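Have a look at the structure below, then the notes.
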Amino acid sequence: MALLRGVWGVLRDLGKSGVELCSGCGNRLRSPFSFVYFPKWFSSTLGSYPKKPMSSYLRFSKEQLPIFKAQNPDLKVSELIRRIAELWRELPESQKKIYEDAYKADWQAYKEEINRIQEQLTPSQMISLEKEIMQKRLRKKALIKKRELTMLGKPKRPRSAYNIFVSESFQEVKDGSSQAKLKSVNETWKNLSSSQKQVYIQLAKDDKIRYDNEMKSWEEQMIEVGRSDLIRRKMKSQTKDGIEEEC
């Protein structure tokens with residue numbers, strides 16, 4: 001009954017019956033309403049929504065990263081970001097203000113464009129659009145976060161012993177689909193002796209040490225550039241109290 005009430009609420013907010021709604025269907029809103037169709041104006045309206053402007057530091061990093069890459073093609077992204085962060089810290093306030101003013105101007109333009117789009121919608125369309133926007137945000141939130149962290153040079157997470165084995169063994173299985181290959185590799189892993197698995201366990205431990213060292217350096221950089229929101233709680237405890245605490 002709760003599910004039916006939820007569906008009825010969506011239809012009621014749209015101001016149309018199921019027959020009317022499906023007669024002009026456009027994109028489908030996925031789970032939890034994957035069977036409900038939304039009018040075509042959803043796609044055009046959402047497509048015209050502007051993207052949020054980048055922060056002053058992120059704008060500076062995006063501008064400098066191609067330059068640093070061209071000058072240092074062999075360096076890792078994390079090292080390039082570290083150098084960009086140092087350059088940002090040493091930048092005079094007068095030059096930082098250029099990026100900050102650009103962000104403020106873009107933010108104002110962003111809000112004005114959002115208001116302009118919303119003023120053209122009826123109340124029922126606004127309610128429905130908000131539902132669709134919420135779903136799109138949920139789908140894209142992880143992807144956006146991942147892209148930002150990649151751009152900021154966050155180290156890759158350590159691999160498990162099994163994942164290291166799979167990455168090394170997958171290409172050696174020549175025949176069959178990807179699913180069949182993975183099944184074959186998985187069976188091989190199960191049949192490995194403890195001593196054979198120990199090789200990959202040690203590689204995983206080494207990769208964990210690499211990750212911890214790189215994360216410590218990266219989080220220190222994030223604190224320096226004012227992005228303490230990206231560091232782990234454990235690191236925050238160390239920064240605040242000078243004592244390492246498990247969180």
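Placement of Cβ uses the backbone N, Cα and C atoms for every residue, glycine included.
Predicted automatically and left uncurated, TrEMBL annotations should be read as such.
In TrEMBL this protein carries:
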type     : residues : note
DOMAIN   : 50-118   : domain 'HMG box'
DNA_BIND : 50-118   : DNA-binding region
DOMAIN   : 155-219  : domain 'HMG box'
DNA_BIND : 155-219  : DNA-binding region
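Under DSSP, residues within the DNA-binding region (155-219) fall into helix, strand and coil as 52 helix, 0 strand, 13 coil. Taken together, the residues in the domain 'HMG box' (155-219) have a mean pLDDT of 87 on the 0 to 100 scale.
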